[in-house]
């Protein structure tokens, strides 16, 4: 059963956490200015201010504790990750999922944060948000959907395809199901663990960045061999920036599936960062290039 968090409003207090890689102080300040421009108040967690450890924002225990603390704190209305990088999978076993279930609130991020988004949703049923991190560049399109998903309390409806963006039908058909997904590399990294993604009768959305075509091939093949692709009712492909010509890979591996596959690069590591709620009902029509988010993710 899904748990929907309360929508954010002007004056909401947003917890800022660093579950993965370190970030520069100037970037945090810029991110705080962004939150304040929306009428929010930023509450910066200790993980975001800690001394980095190699490629991590802080030691594992602190990064996990910071997330738990933000969920438990009744004065915090939502939580956003500073950035991706690497580190989220290291803390999956340390998170207090019962505490999250008892204190539902919006949790937002993407890239490496995918591991947390899908684990939290799968274990607790809390709708999470695959959307911009605190330090992401956000254009008007991305900002509109960020606010629509987190503040409006209404379904976002048919997703607009910006001028200059070409959607492609990889395999025709229509599908309706709950959304689940995120970064392809992170989804593959949790296979065979208690935190692996559940794709049964769901629309699986995928994106990645700076991976060679053969690596995209290998990861999609891993999902196919594990049965995750065949169990899905449809597949939505976002941006694969810096991954070379991956169209032949998509057609080769995904084109033979008995489900619709639509390429619509409006989410991921690129100019457009559509906020996609994990766990809400949506539909796709691959031939008509339609992606319709049919359910409000917040109450």
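Each residue, glycine too, has its Cβ placed from N, Cα and C.
Note that TrEMBL annotation is computational and uncurated.
Taken from TrEMBL, the feature active site, nucleophile covers 111. Positions annotated as active site, charge relay system by TrEMBL: 207, 269. TrEMBL lists 14-131 with the feature domain 'LD-carboxypeptidase N-terminal'. According to TrEMBL, the domain 'LD-carboxypeptidase C-terminal' annotation covers 176-284.
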So, by DSSP, how many helix, strand and coil residues make up the domain 'LD-carboxypeptidase N-terminal' (14-131)? 57 helix, 21 strand, 40 coil
From the DSSP assignment alone, can you count helix, strand and coil residues within the domain 'LD-carboxypeptidase C-terminal' (176-284)? 31 helix, 34 strand, 44 coil
If you average per-residue pLDDT over the domain 'LD-carboxypeptidase N-terminal' (14-131), what number do you get? 98
Distance from residue 269 (active site, charge relay system) back to residue 111 (active site, nucleophile), taken between C-alpha atoms, in Å: 8
Between residue 207 (active site, charge relay system) and residue 269 (active site, charge relay system), the C-alpha gap once rounded to whole angstrom: 8
Looking at the active-site residues 111, 207, 269, which one has the fewest other Cβ atoms within 10 Å of its own Cβ? 269
